[in-house]
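Notes follow the structure.
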Amino acid sequence: MSPQTETKTGFGFKAGVKDYRLNYYTPEYDTKDTDILAAFRMTPQPGVPPEEAGAAVAAESSTGTWTTVWTDGLTSLDRYKGRCYDIEPVAGEENQYIAYVAYPLDLFEEGSVTNMFTSIVGNVFGFKALRALRLEDLRIPPAYSKTFQGPPHGIQAERDKLNKYGRPLLGCTIKPKLGLSAKNYGRAVYECLRGGLDFTKDDENVNSQPFMRWRDRFLFVAEALFKSQAETGEVKGHYLNATAGTCEEMMKRAIFARELGAPIVMHDYLTGGFTANTSLAHYCRDNGLLLHIHRAMHAVIDRQRNHGMHFRVLAKALRMSGGDHVHAGTVVGKLEGEREVTLGFVDSLRDDYIEKDRSRGIYFTQDWVSMPGVFPVASGGIHVWHMPALTEIFGDDSVLQFGGGTLGHPWGNAPGAVANRVASEACVQARNEGRDLAREGNEIIREASKWSPELAAACEVWKEIKFEFETIDTL
């Protein structure tokens, strides 16, 4: 920034432009337990010192603006300003730094992810003094997290509702994602559920299009749910996508799902927005509905490692806003996700207390206190050969979702569901017997396929399918 230039008036107010670091770079600051802490990866413009860039981030995302204003004298900036309290260079990267910023809790409205993000990831991301800026992590203090309801029900309450324990839950996204009539859509749902899956799912862009209006879809899916439940004796669910063009329409769809007796609805939380998502989560808790969350649009925000926001931040925000499931990548499938980084934010979704661990991208210790956990959903390009790795990576408290890996079975949807259920139970049994899923996974699947012709057929179809590309977003 420009050097300090000031004009003193007769009232003691000094007008002009000051370096941000004079007020907002405070390396001597001791963070408070009530502060929201942020870790930004910043790339300053040539000639901008990192201290000035870090201070600019703190200022522009809290109380500061580009020039001194006389109304600063009407409040206590020391109480309300953000502070850049530490800066460290990023190893192996030229002119990149991690800037740590502390925000006083009074800057944020209680229970509002929308307000929190409007400040922390608002206009500052277009600031000219920075070539790029990325929010890597947030520490949400209990004093703030306790103002949020969080997930409508959480992991344990969902297991109790479903009466399903000791294994990952299995799901399937109905394909083709667009173009089916409501009746044929319901037929596909029924076949998958009677074959052994716990859930089926609307794709994220299935809302209410001319080929299949939402009310028709809900009715045929409800029929499929009740029929499959009667035949299998298991609780079944289908993620009925309530996402709509207005909050009022979204709520109308959720209310209709509840009236039909559906156990779960779905929302696209990034395209739908955090305000809509929090409203829906509150309704779901009050009315006994589970809430599945899809993260459509996340890669627009989180995929570039130098600019935007890491998904671990979006995951924490979702836990606060509310959702019982959220898509979290697969590590082994077709979508982006490095193993240790993925497990870092999976822990942030499920666990009560997460220790700082930079090797997994966790910049701050996070204490969620009593906020319920969220099921991570692994979905995208996975099939039966991935089952051992998925079981080993994600454990029991997860939802493994096979779309093409169910509906692409050569014998149809129900045999595809059977193949996935057999593979999952074989992996869980082998793990419980002490076998090493990472080393013996293929052997475990081959053994199970000897007594399951459906699994054997699936193994043959997908034996050569791999998605081996280098991960873009790495530590």
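Each Cβ is built from the backbone N, Cα and C atoms, and glycine gets one as well.
Listed in Swiss-Prot:
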- Pro3: N-acetylproline (MOD_RES)
- Lys14: N6,N6,N6-trimethyllysine (MOD_RES)
- Lys175: active site, proton acceptor (ACT_SITE)
- His294: active site, proton acceptor (ACT_SITE)
- Lys334: site 'Transition state stabilizer' (SITE)
Query: When you measure from the Cβ of His294 (active site, proton acceptor), how many other Cβ atoms are you left with inside 10 Å?
result: 28
Task: Going by DSSP, give the three-state secondary structure for His294 (active site, proton acceptor).
output: strand
Field: Pairwise CA distance, His294 (active site, proton acceptor) versus Lys175 (active site, proton acceptor), rounded so that it is a whole Å
entry: 16
Cβ contacts of Lys175 (active site, proton acceptor) (under 8 Å, same chain, 6 or more positions away): Asp203, Gly403, Gly404, Leu407
Task: Please classify the secondary structure at Lys175 (active site, proton acceptor) using three-state DSSP.
output: coil
